[in-house]
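According to Swiss-Prot:
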ACT_SITE  S187  active site
ACT_SITE  H214  active site
ACT_SITE  D310  active site
COMPBIAS  143-174  compositional bias 'Low complexity'
DOMAIN    3-120  domain 'Response regulatory'
DOMAIN    175-367  domain 'CheB-type methylesterase'
MOD_RES   D54  4-aspartylphosphate
REGION    132-174  region 'Disordered'
Amino acid sequence: MISVVVVDDSAFMRKALSTMLEKDPEIRVVATARDGEEGLQVIRQHNPDVVTLDIEMPRMDGLTTLRHIMMEMPRPVLMVSSLTTEGAEATLKALELGAVDFIPKQLSKVSLDIVRIENDLREKVKEVSKRRMLRTPRPVRPAPTASAPAQTAQVASAAPATAPSRPAMPATRASRPVRDVVAIGVSTGGPPAVQKVLSQLPADFPASILIAQHMPAAFTGPFAKRLDGVCAISVKEAESGEKLKPGTAYIAPGGKHLRVEQRVSHMEVVVTTDPADALYKPSANVLMESVGQSMGRRALGVILTGMGSDGMEGMKVLKQKGGRSIAQSDATCVVYGMPKAIVDAGLADEIVDIDDMAAAIMNGLYK
């Protein structure tokens, strides 16, 4: 049985979340609280497996409460967020502080998505209850430069995640990388993981990066802006018609897909709603397939932490066209779903701990 504490100043939300969660016989809401101070008391009392935490509350807000939880009694925390720019910025800060994911607060609205939201909530609670959390993503070693060999990333299956990385054997590199486009698919637990990876890449990174992160439309712009402020490379929300540039990461806008298309003299970004019936928007499958079809062996596909199997079908195409693939290790995922699908399908060329992912990507451009 998975125990949950719900912390929210809205009586409606406390009731709604509790009702949704307890529809699953494996989940029990052991207590609720109306603000952060009361929340800390009931968390200490009940020691729950998972906490859902509102951001805006009287007396003690969600971010302050989260800091106390992470310092005193770390456990998986799901933030309850409004789908606004302000809500997005606060939620991204919460993810940086240690929250594992977020759920939308607009549960009071009549919506055709309510069943999906309920299912996602229960699935997230069940998945994150099994996993350890990623801490605030700060670089753990100096970023490699494009002209100097990076350390070889450690394969998770060969050694524990806590083992030190071994220096790479000097690699004989071509004057230009073999691969010049990196496609990244990621979901639950993704923002801290993406920040950890991108913040370790050098400003002269010789490839373009395209990222499909499962995230609402109001969140992707602030997410890109936050990353751009802490990374040596440029990070932006993708716009149709842009020419792909090395040393730039393009974040797919929430609610839309990200593709690339060959033009006469360059590769171009395409933002689209097609296919409309895709389970996720943005979709890692759509991104991987497009990059595979357009770039062939010039593509490097990376699947990071996330629920489900989005990215697997697209990765099949990328691999068939000569691309290379990397999956995040089980030991370092918040949720080992999307990477597991790649590994189980035999599509992963490397399985890498998140701390070593930037180095693996650097080296992967030359393989």
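In case you wondered, yes, glycine gets a Cβ from its N, Cα and C as well.
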Legend entry - Pairwise CA distance, D54 (4-aspartylphosphate) versus H214 (active site), rounded so that it is a whole Å: 20
Legend entry - Helix, strand and coil totals (DSSP H, G, I; E, B; other) for the domain 'Response regulatory' (3-120): 56 helix, 26 strand, 36 coil
Inset, instruction - Check the domain 'Response regulatory' (3-120) for me and report the mean pLDDT. - result: 90
Inset, instruction - Name, in the order they occur in the sequence, the residues of the same chain whose CB lies under 8 A from the CB of S187 (active site) and which sit 6 or more residues away. - result: Q213, H214, Y280, A284, T305, G306, M307, G308, D310, V335, G337, M338
